[in-house]
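Taken from TrEMBL as is:
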BINDING   B:Arg98, B:Lys138, B:143-149, B:173-176, B:Glu181, B:His204, B:255-256  ATP binding site
DOMAIN    B:102-285  domain 'ATP-grasp'
Number of protein chains: 2
Amino acid sequence: MKIGILGGGQLARMIALAGYPLGLKFIVLDPDPNAGAGGLSEHLHGAYDDPQLLAELAEKADIVTYEFENVPADVAAFLSSHTTVYPPANALAVAQDRLLEKNFFRELGIGTAPYRAIDSLADLEQAMPEIGYPAILKSRRMGYDGKGQALLHSAQDLAAAWESVAGVPCIVEGFVGFSREVSIIAARSPSGHIVFYPLSENRHKGGILRIAECRNNDALQAQAENHVRLLLERLGYVGVVALELFDVDGELLANEFAPRVHNSGHWTIEGAETSQFENHLRAILDLPLGSTKPRGLAAMVNFIGGLAPDPAVLALADSHLHLYDKEPRKGRKVAHATVRSDDGIIYAETLEKLRLLAEAVDDS
Amino acid sequence: MKIGILGGGQLARMIALAGYPLGLKFIVLDPDPNAGAGGLSEHLHGAYDDPQLLAELAEKADIVTYEFENVPADVAAFLSSHTTVYPPANALAVAQDRLLEKNFFRELGIGTAPYRAIDSLADLEQAMPEIGYPAILKSRRMGYDGKGQALLHSAQDLAAAWESVAGVPCIVEGFVGFSREVSIIAARSPSGHIVFYPLSENRHKGGILRIAECRNNDALQAQAENHVRLLLERLGYVGVVALELFDVDGELLANEFAPRVHNSGHWTIEGAETSQFENHLRAILDLPLGSTKPRGLAAMVNFIGGLAPDPAVLALADSHLHLYDKEPRKGRKVAHATVRSDDGIIYAETLEKLRLLAEAVDDS
């Protein structure tokens, strides 16, 4: 059985590492000749919308999946008409457009921050009195790691902000006074079976995830599960999904969802009985889903920009290193490390040391 | 950093899977074009003693290691003169000759079953009154999974046994009344740092390992650690080693050792904080060794001859599947499954179900 993956970065790499023990083979399509999943898979080297390569991918792969949600609609349509593609195209269509995504949450009865569709500077000027400051202007499409976004502190920011996003269709979103950001990772099979991981509590800086901690027995676990279950069932979803949420006085508001394995779930490799990567594969292959039970305490720290000093990370108690085989570059995720421990003191000490090691090489 | 491996079977495959997160790349030399590690590494396809391929392996790899101990002495010597090879050649020389191995254990003060060197039928006839029946005649070299061995029940068996091993140099070994077979996996760095895994308790049938269970806090752990420490230090060993032992009324007698990662340590992938495969790589690269602490209860079941039915294995609570990408063939290890659980009842139930699934496809 061969799995095709659009994109050959670290997510494809970790999917492949989880898939070999299941007897799977992989083929990735990625324009980067040095894509990190390359050594682990057959590598089609070229543009994501190259019709010849897409035809080859569809021909060679039994099932196609992807490691990012910004797959052009016609690419998704082409692949879907030639082979099985999971998650389904409708999930992509919603996830890659912030307005459709927010509307979708509201339709499901899931709260969000206040937002408005913005197609002109006039729209923005009209919306702001109701949304209030501060707020954030975001392009509807292709937003990733804080790019294509502008902060609005007062009416004087509006024209410059509108210019900075190049006048593309946007939404403006009000701030909500959240106490923390969490995400829930879940997987759904074609037969409708769903499993949920314990909540991840996430720390961002500059719009980029820095630390994700497994929160076992969180008081809001059931609420998060209800939200993501609604989403999965409405979309007839298959595979792993990540739903990002704001905790506002115990109410979980939806921020966004990613129709794929997610950075906030990397701790599941060591910290859960079955990783998100393996469960994504089990789900799209309609195999029984694996247990999502946590294994003790676990957290993940991203290394961004600079490389982690391997021996320093490996010398820490209960620490695990994951290099992505990527050249260090400003703001680029090149590795992560996980602490997994049954001992609360070791856990806290190693997490803090990993945080400091990551901060020391962070250029973002 | 590129690691060369002599052999591209399941052990090389699992070493590679453990090495990608450490940022390593792999090149294997294996005569089988379908070797299981092939998709995960560059693959030199040819005989283990092909001088051109060995030169290419030594040239391309920063460090060479191996997945079996029966590496011809001149191959080991050639590689050692061109690159770094771990574990060291002297460990190979001892491990691949049962007589040297038994003598080595005795020199270290480690008990063994009674044995004698046998180079002729006359030797055998002379030795047996002292060794006693039943006993086993084993070729000194290339013994593996019970091949090249003959059982001796009485003096009438001697001539046929000697013929069955084709008159090669042998040892004869008396039986000892052991209550169980255990092994200890340990890793040693070039700097002399050693880590030990909890004992594995092993069940064999027909000379082939069937089940290995992690025995946390076993009463004989310290004794086993002492034995393997003596061995590692005397050999100036680097890498992972497995020492197989018989428990005879609380005294551990050495059976044999494998200078490599070992089937009885496969449970460490899920059942220990750091797997034997990762610690082998950490050791040969002189990186800090990872924690060997057990994670709950763990055991491994081999699938031999026939393939495991994937969904049945994956549907079991706390079960993990490892397929080797090998064609099923009589007596061939094609997969293993691990149960890892914090719950003793789930552990026992899943282990028994895995045992039955393995038995159902076993043709050996």
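Positions of Cβ are set from backbone N, Cα and C atoms, glycine also.
Shown here: features listed in TrEMBL, placed on the structure.
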residue: B:Glu173; record: ATP binding site; contacts (Cβ under 8 Å, 6+ apart): B:Lys102, B:Ala113, B:Pro114, B:Tyr115, B:Ile131, B:Ala135, B:Ile136, B:Leu137, B:Lys138
residue: B:Val176; record: ATP binding site; contacts (Cβ under 8 Å, 6+ apart): B:Ala113, B:Pro114, B:Phe246, B:Val248, B:Leu253
residue: B:Asn255; record: ATP binding site; contacts (Cβ under 8 Å, 6+ apart): B:Thr112, B:Ala113, B:Glu181, B:Glu244, B:Leu245, B:Phe246
Worksheet item: Per DSSP, B:Glu173 (ATP binding site) is which: helix, strand or coil?
Response: strand
Worksheet item: Which of the three DSSP-derived classes (helix, strand, coil) applies to B:Arg98 (ATP binding site)?
Response: helix
Response to the item:
So B:Arg98 (ATP binding site), by the Cβ count within 10 Å over all chains shown, scores 23
Practice prompt. Could you please provide the mean pLDDT value for the domain 'ATP-grasp' (B:102-285)?
Written response: 95
